Amino acid sequence: MEEKFALFFLFFTEVYVGCNPSPLEDVVIDRYYVPRVCPREVQTGDFVRYHYNGSFTDGKKFDSSLERGRPFVGQVGLGRLITGIDRGIQGMCVNERRKVTVPPHLAYGSLGVGSVIPPDAVLVYDLVLLDIWNTEDKVQTFTLKKPQACKRTVMNTDFVRYHYNGTLLDGTPFDSSYKKNQTYDAYVGQGELIKGMDEGLLGMCVGEMRTIIIPPFLAYGEAGYGTDVPPQASLMFDVLLVDLFNPKDDIVVDNQEVPVSCARKSVVGDFIRYHYNGTFQDGTLFDSSYLRNETYNTYIGMGYVIAGMDKALLGVCIGEKRRDIIPSSAVLIFNIHVIDFHNPTDQVEIKVTHKPEECNLTTEANDLIKYRYNCSLLDGTLLFTSDTLDKPQETVLGANRVIEGLDTGLQDMCKGERRQVIVPPHLAHGENGGSGVPGSAVLLFELELLDLQKGVPEGYNFVWLQDLPEQIFQSMDMNSDGEVPLEEFSAFIKIQVAEGKGRLRPGQDPDVIIKDMFTNQDQNTDGKITAEELTVKAETHDEL
């Protein structure tokens, strides 16, 4: 509820009209609106900016700053205003409204002003005070909110980003970064801001809110600013500092979690996969790989990412977590989790975790093997395991039945041997990944060889393990009739395998393989092989 009351200053001043002294009235002040908060009152020497309507006692208006659309600006108590206003404005607060009745001798006296103010006129001014300032004023700052942790404050030459609401001293808004939906960004102390703002921002922390009151001579002065800021206007800014950095700043790494085991650290040219949350200094999230449910994948040290990130990702370990603060026009904070990295020149890494005491027979190309495996990403995420299968995994080495890196990792193993095998993506599923495997993922295999059957070379169905019989056709022709049908041929081959003299291709039906061998020898397709049809390859231990 507005507080209304009237103050009457009754002074008796001796003036001389002719030769007879008589007491004269002082100004009459009616304070019909006084703000509840009044941090400052008008004093002699202050500059003031106010609107007024001037009228005579009969209500006739003779002047109005409101109608001109421009408030009056003047200095109080130094004779630059009529004496009645000089007295009537003393003690006013910004936004206070007064009616000041000025007797003639404190206005324009017996002379008046031309045809506007008649002689001996009592003047009534309806005033609203908009602004107070003094040449001795300095920038005032009031902290509204300050974060508990404040590692650094604004200094000259810093680059700052801040939000603000700007008002005149009477509360009239003239500008707002919030309405533009973007921060105001500038260097401090480099002439990019008004002087008062340069001073008012000093010492602020990121996340701090403060009110900054700037006198006109440290703002836009006599010129004002366009139609929004009038001449000689004090400005009040409510500021929220969003972030700051200095061009001399380097990246800052903190909250670092490095794995106990770190076989190697990333270098220029590595291809890295990592998760991240990216925020501004005020905590606003601007990007996140987690929200996309996929890692960010890139080469490092080669300009594929911003310079600060390129630098931040050098020298990291697989599995490392870290917080990187990267200076830029907007300071960026990345919380990073390194999933894996590799180099295009990397080969398969093999670590034997268990090897049997006896290891006379090892795997090689064309062998049929049975093995157990777990396949994971380097962050420990399990992708596949043979433990979910009804029987052990089976494959023929060197037959392109598994990814190249796994094939390499399974070579030269003993039955019962266990290994950890790290396969880079170019020897696994590549940039595009595979079913259940992310693109460019380094894979970790835990392997155990359960069984192996020695194989035969590519393109062969059968090989001799000993010298061929001297009379091979006669050995096949069991009834000595000069012809070898499929039954005799099959019986002969199976005897050689059973006695360890030869080996069939493993992993396939022996009868199917033998029939294929027989068909190759039965050149005239009459269902039997003759001595003339039988062909033996030149190499001693090769197929028929």
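The chain as shown is numbered from 1 upward.
Backbone N, Cα and C define each Cβ position, glycine as well.
The domain 'PPIase FKBP-type' annotation in TrEMBL covers 45-133 (among others).
Under the heading domain 'PPIase FKBP-type', TrEMBL lists 157-245 (among others).
The domain 'PPIase FKBP-type' annotation in TrEMBL covers 269-327 (among others).
Marked as domain 'PPIase FKBP-type' by TrEMBL: 366-453 (among others).
Remark: secondary structure over the domain 'EF-hand' (470-499) totals 18 helix, 2 strand, 10 coil, with classes taken from DSSP. The domain 'EF-hand' annotation in TrEMBL covers 470-499 (among others).
The domain 'EF-hand' feature in TrEMBL is assigned to 509-544 (among others). Looking at the domain 'EF-hand' (509-544) alone, the prediction's average pLDDT is 78.
Marked as signal peptide by TrEMBL: 1-21.
Remark: secondary structure over the domain 'PPIase FKBP-type' (366-453) totals 12 helix, 38 strand, 38 coil, with classes taken from DSSP. Long-range contacts of the domain 'EF-hand' (470-499) within the same chain: residues 462, 464, 510-511, 514-515, 517-518, 521, 527-531, 534, 536, each at least 6 residues beyond the stretch ends and with a Cβ under 8 Å from a Cβ of the stretch.
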